[in-house]
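All remarks here apply to the structure that follows.
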Amino acid sequence: MPCVLAGLGPRTSPSGRLPFALHASILIALLAASSAPTPLYPRYQAQWRLSALDITVVFSAYALALLIALLTTGTLSDHLGRRPVLLGALAVQIASMALFATAGGLTALIAARVLQGIATGAATSAAGAALLDLDDPARPGRPALANSIAPATGMAVGVLSAALMVRFAPVPTLTVYAALIIVFAAQAIALVLTPETVRRRPGALRAMRPHLALPSAAARTLLLNGAGIVAVWAFGGFYSSLGPGLTRLVSPGGPEYADGMVFFTLTAVAAPTVYFTRRMRAEVSALLGSSAMIPAAVLTLGAVHFSGPVLLFAGAALAGFGFGAVSQGTLRAVVASAPVRQKGGTLASYYVLSYLAMSLPAIGAGALAADIGLRAAAVAYAGCTAILATVAVATLTAQLRRTPSWKPTLVRQRATAHPLQISPSPQPSTAKERRVHLIANDQVRYSLFLDGGRPHRATHRRSDPAASDRSVAAARGDHRARQSDTLAEP
């Protein structure tokens, strides 16, 4: 699930809902295409006699190519512009879809996945950065929310659409990719008509040299959250590559279109989880998600042991919650710990760890399945995931105990017995700092100091009742005067 690796360049003046919606739709379509082959893997296996290891290699080829693209083209759009990079990436994506549609064996599948990974890595960086360029001050946080939700939403849409085509469309190995070619072509045409959001600047070749710049504070945060990140991404990679085979293992008589529904369940739960946990403290979100991965792994073990599809889907749903909560919480925590000028390198490091966790364990699971069978491989994989999640829970719990959750700092001050009111405070010393006086019926005044939503500093101060009354009256007078001035304006 890639995000923005590019920084913000000098902005021009494009704005509006249509460009924003276009770039968000590109992100969704790219990730939909990445998950579209999942319901088709059993058909490829039967048609070309592929092993579980072959399928995981096909899947991991995409993840590793995407990782390389993120490291080399992540900041390319800062130099060439968002639109040229996106148009080039969409062209490569269309070529990969055409190669999928005409594939005749394992080699063609791997080549198509490599092209798809390169295109997705380049395009998601540029599209995500364009969303930040198109940020509307009237709707703060919209680009970050779109960047967080679009990947999971796209993967869910891709799996579901491909599964429905397997059930209802003729020749799904052709029609799935033909439909995606039409979508990407339409987006490319719309992109040509969309204004550029940044100006070109030199240094494009230098920017393509792979490098990671992880500041020490962000490195510590990434290390603290590493076990949870690896657990959720590795589990997601397992469900994406071997999920269809696992579905057939626990439910041999199920319909073919149901093979991709396990991974759809995971992504369908992950998308709203990202949305609903966005305001939660990052460490708490990661802790809840890591905690959910333990019963998710246990349910998967139960599904394999008892051949219960209900247990498998319940485990996928819990894993989806864990994936959404951990990926969203850890990403916020890691990025917040990095200086502004080093956020791009920090994001790159985060996704290096994520995509390595998504691809390498999946290859190992495929090799293990080819050697000892899918059932035993699934048991071992779920057990390792549960251990990693337990380590993550222990680490995050210890971290939260060292830094207890924020509580408002209340300072007792004498005041008059007014109903609950907000009285004026002196001019804030910084742009974000503000102080609020709460006057309650118990004749005690409380001062709450906030700095960007967190306690800044509080001091014990006493005030006499007359001064408090004069302060409230003055505030009311100033407020009425401002209202009169506003109403008097033409």
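The count begins at 1 with the first shown residue.
Cβ coordinates are placed from backbone N, Cα and C, and glycine is handled just like the others.
Annotation comment: TrEMBL describes 18-401 as domain 'Major facilitator superfamily (MFS) profile'. Summarising the annotation, TrEMBL assigns transmembrane segment to 51-73, 85-104, 144-168, 174-196, 217-240, 260-277, 284-304, 310-335, 347-370, 376-398. According to TrEMBL, the region 'Disordered' annotation covers 409-432, 450-490.
Counting Cβ pairs closer than 8 Å and at least 6 residues apart in sequence, the transmembrane segment (347-370) and the transmembrane segment (85-104) reach fewer than three and form no contact.
Contact between the transmembrane segment (310-335) and the transmembrane segment (85-104) is absent: fewer than three CB pairs lie under 8 Å, with pairs separated by 6 or more positions in sequence. Between the transmembrane segment (174-196) and the stretches 85-104, 144-168, 217-240, 284-304, it is 85-104 that has the most C-beta pairs under 8 angstroms. Mean pLDDT across the domain 'Major facilitator superfamily (MFS) profile' (18-401) comes to 88 in this model.
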